[in-house]
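Here is the structure we will look at, set down as structure tokens.
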Amino acid sequence: MGDNKNNGDSGKLLYCSFCGKSQHEVRKLIAGPSVYVCDECVELCNDIIREEIKEISPKRDNDKLPTPHELRAHLDDYVIGQDRAKKVLSVAVYNHYKRLRNSSPKDGVELGKSNILLIGPTGSGKTLLAETLARSLNVPFTMADATTLTEAGYVGEDVENIIQKLLQKCDYDVEKAQRGIVYIDEIDKISRKSDNPSITRDVSGEGVQQALLKLIEGTVAAVPPQGGRKHPQQEFLQVDTSKILFICGGAFAGLEKVIEQRAHVGSGIGFGAQVKGEKDKATISQTLSQVEPEDLVKYGLIPEFIGRLPVVATLTELDEEALVQILSEPKNALTKQYNALFEMEGVELEFREDALKAIAHKAMSRKTGARGLRSIVEGILLDTMYDIPSIEGVVKAVVDESVVNGESAPILIYERNEAQAASGEQ
């Protein structure tokens, strides 16, 4: 086969055997035994084959959908606590993908879309829950920060950029993207700035909620393809967002006060009032678990937006015991990750129980939840990770409470010490 751009050996003008265009009308003309094909026809054939493969390949729906119990078990491997939220998420995600598989309505009953709202303090595991679910289902996942979003036409990130990010995660495969999960963080930060609609435009608050409405409920978003046009006749990729699961999360600081105000209405005043003692007061997590749509409206979310997020799960604040478990128990626990890093240098890393408790205590005092654990561990091990590659004979590093409190450096055990200890035992 040869690439003929000039006239043939005989000086004769060559034509594509398929479309009839001459070699001067196309970029490339590929020659075969007494036949020629141009680059445009090759591209057209590729497109036809790709479309046919797409029509056949989505039958991967035949793969068994994990049950809510199986989804919950997978979450348990990576996320500590939050039992109620795990159950709510597992059922909602299972029902969403069940709805996608049974798209033809039975007896005219169309299944509604159930997007999810996660309410919980910073570092309680909202993002990790969404990410772990996407990984267990092997579907594309992307995250967006609501604070960077603005209405179309204003400086900032357009809401449709979220779909662009999802497409990037699956190499612009629209079919895959339409089965994906989108997590929008800091959703509480786009609450309306006051109860009364303002005369001035609120482009990063209520305006963004309005912009997100259609996207979350389901619309056909027009997204520019990677590297310009995919086909000469097509400028945008059409993505049906009604098949995408949206999970929104936020800390909703101060929401508990809104709930308490509602709960206290009707409790009586004067001699008929019910006075609660200190020990009768509910914790913030207990109060948040009683959230109602009206509380979210009072907080600053518009009713239409709340209506698009019918499944609400509240996460509890992690206590010190839970943080200790997070450090050591999950499959990708922090201590296991750092142990793997040290193993690459041929060194075993040991965290003693008192060290784990001290790390958890420090994270609690910083009020950063599980999110602050990594920075604490990184700070403790920084000097050791800097020195170990240059020191020979180290076989073990031990971290105890005094190391966490900054009173001493991690204990380094050398090969010769190990040998002496072994001979002493004999």
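Cβ atoms here come from the backbone N, Cα and C positions, even for glycine.
Marked as Zn(2+) binding site by Swiss-Prot: Cys16, Cys19, Cys38, Cys41. Cys38 (Zn(2+) binding site) falls within a strand segment according to DSSP. Taking Cβ-Cβ distances under 8 Å and a sequence separation of 6 or more, the neighbours of Cys38 (Zn(2+) binding site) in its chain are Cys16, Phe18, Cys19, Lys21, Gln23, Val26, Arg27, Lys28, Leu29, Ile30.
Around the Cβ of Gly123 (ATP binding site), 23 further Cβ atoms fall within 10 Å across all displayed protein chains. Annotated ATP binding site per Swiss-Prot: Pro121, Thr122, Gly123, Ser124, Gly125, Lys126, Thr127, Leu128, in sequence order.
For the domain 'ClpX-type ZB' (4-57), the model gives a mean pLDDT of 79. The domain 'ClpX-type ZB' annotation in Swiss-Prot covers 4-57, and the record cites sequence analysis as its basis.
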Completion exercise
In this structure, the one of the binding-site residues Cys16, Cys19, Cys41, Leu128 whose CB has the fewest other CB atoms within 10 Å is Cys19
Practice task
Identify which of the binding-site residues Pro121, Gly125 has its Cβ surrounded by the largest number of other Cβ atoms within 10 Å, counting every protein chain shown.
Solution key: Gly125
Fill in the blank from the handout: If you tally other C-beta atoms within 10 angstroms for each of the binding-site residues Thr122, Ser124, Thr127, the top scorer is Ser124
Handout entry: Cα-to-Cα gap, Ser124 (ATP binding site) vs Cys41 (Zn(2+) binding site), nearest whole Å
Key = 55
